[in-house]
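To keep things clear, I will list the structure first and then write my remarks on it.
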Amino acid sequence: MGMIKGALQKPITILVIVAGLFFFGINAVRTIKIDIFPDLNLPVIYVSHPYGGFTPNQMEAYFGKQYVNLLLFVSGVKSIETKNIQGLTLIKVTFYEGTNMAQAAAEVTSYTNRAQASFPQGSQPPFILRFDASTLPVGQLVLSSATRSNNELLDYALVYVRSSFTSIPGLVAPAPFGGNQRTILIKADPNLLRAHNLTPDQVVVALRENNQNTPAGNVRIGDYNYLAPSNTTIKKVQDFGDIPLYKNGIQTVFMKDVATIEDGADITNGYALINGKRSVYLPITKSATASTWDVVQNLKKALPRFQALLPEDVKLSFVFDQSVYVINAVKSLAEEGAIGAVLTGLMVLLFLGDKRGALIVILTIPTCIISAIFFLSLAHQTINIMTLSGLSLAIGILVDESTVTIENIHQHFDMGKPKALAIWDACKEIAFPKLLILFCILAVFAPAFTMNGIPGALFLPLALAIGFSMIVSYFLAQTFVPIMANWIMINKHEDHSHKDGFALEDEGEPWEQKEKVMKSVLEHKDHKATRFDQFRDSFMRLMERMLPKRKLLVTIYLLGAFGLAFLLFATIGRDVLPKVNSGTFQVRLRAADGTRLERTELIAVKAQDILGDIVGKNHIAITSTFVGSHPSSFSTNPIYLFMAGPQEAVMQVSLTEDYKTNLDELKEKFRQRMARQLPDVKLSFEPIELTDKILSQGSPTPIEIAITGKNKKQNVDYAFKVIDKLKSINYLRDVQIGQSFNYPTIDINIDRQRAAQLGVGLNDISRSLVASTSSSRFTEKNNWIDEKSNLSYLVQVQVPEYQMASLNDVREIPVLANQARPVLGDVADVKTGTTFGENDNVGAVPTLSVTANINKKDLGTATHDVQKALDGLGDPPRGLKVELRGLSQTLTDTLNSLQGGLLVAVLVIFLMLAANFQSFKMSMVVLSTVPAVLFGSLFLVKITGATLNLQSYMGMIMSVGVSISNAVLLITNAEELRRHNGDALKSAREAVALRLRPILMTSLAMIVGMIPMASGLGEGGDQTSPLGRAVIGGLIASTFAALLILPLVFAWAQGNASTQSVSLDPEDKESKFYVPLHHHEQA
């Protein structure tokens, strides 16, 4: 009340404060960071270690398990997962919540450096990357050309585009995708080598001897210090052909006699295809502290500058822009806020016929939202999908604060009081109940501060957004609203007979004032009965008929509401976030293990054609496909997009905006067409939205079953049993083993004794073998400088891939210098076999994953059914562990946190209400509307086809807060009246008559204001529509419960209750222990 009196005494001060909030809020709106997600602070660090040419088994033995042993010394490690493929070990280190990640990163760096001592010779230090929401790309910067090769495009991307990223604050520059680094290739012809009795290794040695990177010395002559460079490094590419090769110590042939020299590129590991044509793209990521929106907008502004650095036939474009997601949500918030404010104003006009009062209500809503953004910026929060959801929710409850105040002012106007006194009494009367309501709503969201993991990181910003909005709204309702009401509202019912003032004794006690208002309201003495008065009369007649049957009706209500809510809760679908029909998707194609890159590329192009036939090629905005694996020189790329080998392709598709379709149906059609036309190709749809990627925590599909055991063959056998069991779940799709376990090999078993007898050393064999089947860069580093750009490039010897096309070609590799025989087949057994193409481990224990997608079913049901299927297999063999992980685990953690948080919130509110009313029974009365809220929210969510997820849960929680708000106002009035008239029935009737209009006003305003959100028609509407539906359903049910059931519960609970206070103070007149003062004196 002091706040109200202070505001009325110093109105200009309040206006200055409000103006200040508005000014700083507008400034915050301009400067606050706009991001997709809040700071999730994911406790994950990736270690990526390349070593070109090593098999998965070698990578696992030499690197993967060595790292695991050392990283276990790092503080706070929760789990270590490794992926080992040819030429790469990728390690994911997960830490416990609360771990100091800066210290963890330092320790990981320290121990990985220590591990270098045990690695094979020539190993380079690994790349270490802290993983968080900012690590994932927010778009792709594509370089395309009709005339340039991918290798040229890669060079332009590295030299000109990527190096310019430093001019954009917060933009991180990962390596390009889709090209191979420029390399000087010496392609040795095996037939010519054999003709001259030369081995591939002799070519490598000659290259090393004739192209050396030696430093320049200095010669000091006279007054000058001369640099003394030499031509030990070859100047021109064609000059490599003049390198002499020696046979038996005699110069007989040159490099050009046995090899062709090309200014080309490294061995191709993978391609990027943009719209089916080979291209190069740079994934766009940002630093953890940068704003996604700012980074993307600055990048778009810089595109003309980047384009000017490139040749005219190279085009630069930005695609798969993820920042539009959050800006669409901002637009939706602005639209919903404007609609909410206007509808609230119309509601005030409808019920009160007061344009000026409506204007006051409308002014408070943007002020609260803008002020909340200011406080969010002070709390180091960003504008993201969660804070926007919180602000959207807050709009509804903001309606309640100011509308109830305006309505109560009108009630006091009806008493004939002078305007200033009516406003003072009206605001004073509801000041404490509104404060209690504020605390109750804040308590609903208080559990956000105790949640851990991703649920806590997502829920906390939402709770802060609502909390700041509510606090500002309460402040405005207690200060700004009464000031504006004094200045602009008109009291049409003021009794002007009190010319000398309105005496305090005329005012009476608050309960007496309510009695007068009730008499005026019910008898319509001061005005002609309006339609609302007629509605209220009808409602009160209904209440009169219900009150005598209160026990029966309340019992039926409680059993029905709890029973139906429980039934709905048990049967409703569950997801982490609502499904989004965004028009973009990502699919991974898997050909048979070991399929050549060129064949996989044809499969990817065919898949794109199939998709074009289904939707029409004119409805495909863009496709971005990566085929094959990443070069070992770009070892951070697998963190952004993991590719296991040449048999895989990942296709990202964006449909045109005018093409409207259900993505689940489109995916099903694509599966069916692929099964007919490419039956040997497996496919699996993967998350493309950043929300799904982050929440899945690296899992490629919603359902992922990890099978972990030390026996790899046993793991594979059990995985097939799991797949057979999952076939009984008819809505699962793309069920497959996620790793390559049947990769073809050419096993070369060297007979060391035979080799020794023939004078062939193991080093001769291995070096010639590497140069013939891969590249000499894995055994001998050699560099060349392009004098035009002054950039250095690798020089490598290799046998052309097309000349190593059969087992016999392998057997005929020369292995002894200056000798036609022996060849590899003379000293080794060469035959085909199979091996694991990918070795995954949890810790040091091998693991496989069975992955599956869900078609037209919610994740909660699928998780339950899959777990049931796994249980149906019985206990796994000894030493084998089977568990669900990924998005399923996130769902369980999220819903458990929310359910626990809701229970804690209700308990806190119960205790708070008990402290206010000094009665646990009264606290239960207020909470009696909660079952209706749960039923209403769940019912509307279910019948509209939505699921129980983070958004709908937020709506349900908010509905609980609003229902308690209405209940507190009604019960506070009823109890105050009962304390003075001693009649619970009469008090219940009068209280509901008094609060009928404000409850209907605020509920209808909030319901109507939520309709745009609930419809899901706006930008990003799929994400927030369940929230709006949960709020609407909860409000409709709680409004009926508050008006029809709550008075009955009150009348039943307080029917025989004492009117005396529970106070134990003998000086308290309302206490039954009260002792009059004269008794003290006599004593």
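The count begins at 1 with the first shown residue.
Cβ coordinates are placed from backbone N, Cα and C, and glycine is handled just like the others.
Over in TrEMBL, the protein carries these features:
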- 359-379: transmembrane segment (TRANSMEM)
- 430-450: transmembrane segment (TRANSMEM)
- 456-477: transmembrane segment (TRANSMEM)
- 552-572: transmembrane segment (TRANSMEM)
- 898-917: transmembrane segment (TRANSMEM)
- 924-941: transmembrane segment (TRANSMEM)
- 953-971: transmembrane segment (TRANSMEM)
- 992-1011: transmembrane segment (TRANSMEM)
- 1031-1053: transmembrane segment (TRANSMEM)
Among the ranges 430-450, 992-1011, 1031-1053, the one whose Cβ pairs under 8 Å to the transmembrane segment (953-971) are most numerous: 1031-1053
Seg_contact(the transmembrane segment (1031-1053), the transmembrane segment (359-379)) with at least 3 CB pairs under 8 angstroms, min sep 6: no
Positions on the same chain near the transmembrane segment (552-572), where near means CB under 8 A and six or more residues out: 546, 928, 931-932, 934-935, 938-939, 941-942, 947-948, 1041, 1045, 1048-1049, 1052
Tertiary contacts of the transmembrane segment (456-477) (same chain, 6+ residues out, Cβ under 8 Å): 3, 18, 21, 37-41, 364, 367-369, 371-372, 375-376, 379, 381-382, 384, 386-391, 393-394, 397-398, 401-402, 404-405, 427, 434-435, 438, 441-442, 445-450, 894, 897-898, 901, 950, 954, 958
For the transmembrane segment (898-917): best-contacting stretch of 359-379, 430-450, 924-941, 992-1011, by Cβ pairs under 8 Å: 430-450
